[in-house]
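Chemist: Below you'll find the structure I mean.
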Amino acid sequence: QMVANDCHDPPKYWTIHGLWPDNGDDCNRTWHFNVTEIKDLLSDMRHYWPDVLHSSLNRTHFWKHEWEKHGTCAATLEILNSQKKYFGKALELYQHVDLNGCAHDLLISKSFLLFQMTHIKEALTSFYNVTPKIQCLPPKEGEEAQTIGQIEFCFTKELQLINCMELKGESNPMWGHLKLGTEELSVCNDTLPTYYPPEVQ
């Protein structure tokens, strides 16, 4: 998919997918994305929140989608009630969590790249003192290992880290299934060997 999506130089580090409130999608369809409101964030946005799937002129398609679907809902909180606050706070939380730093070192310091899913969960939970949600790409044909594709952290309305809880018997539409190109992320299988991308820096 990389060529089709004009993704010539994919990042070799964890990037941001979004900042999602639990209360629905597209809360204010009239509040359109305006890139000029985040012009002083653009350098960090391009680095930490890149759009690798769309080759739009300014690569703002992803941010527009995230604002209109999730940001307009998050804006009910004063701390997130503008595009500048929403994107700026997401960047702050990304830096605070620092998945590319100590947590990555904790995982990749092992001498192997295939892990038991339970070991990854235990390592992240012991480091952050909260339980994140981890999503994987299923094994490709002829392979046994799933690949970690997304690590999701949960926050209170005061933006403090809390445990992510899976709802029994139902799938949260925010994270149950996410299509990336033609592949689909879903909750990782605890019994499959799990591949952690070694090139993440």
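From the backbone N, Cα and C atoms, a Cβ is placed for every residue, glycine too.
So TrEMBL lists the following for this protein:
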type     : residues : note
ACT_SITE : His17    : active site
ACT_SITE : Glu66    : active site
ACT_SITE : His70    : active site
Chemist: Given a separation of at least six residues and a C-beta threshold under 8 Å, show me what packs close to His17 (active site) in the same chain.
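Modeler: Looking at Cβ-Cβ distances below 8 Å from His17 (active site), excluding near sequence neighbours, one finds Gln150, Glu152.
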Chemist: Just to be sure I understand the packing, how many Cβ atoms besides its own are within 10 Å of the Cβ of Glu66 (active site)?
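Modeler: Cβ-Cβ neighbours of Glu66 (active site) within 10 Å number 22.
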Chemist: Including all protein chains shown, what's the count of other C-beta atoms within 10 A of the C-beta of His70 (active site)?
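Modeler: Around His70 (active site), other Cβ atoms within 10 Å: 23.
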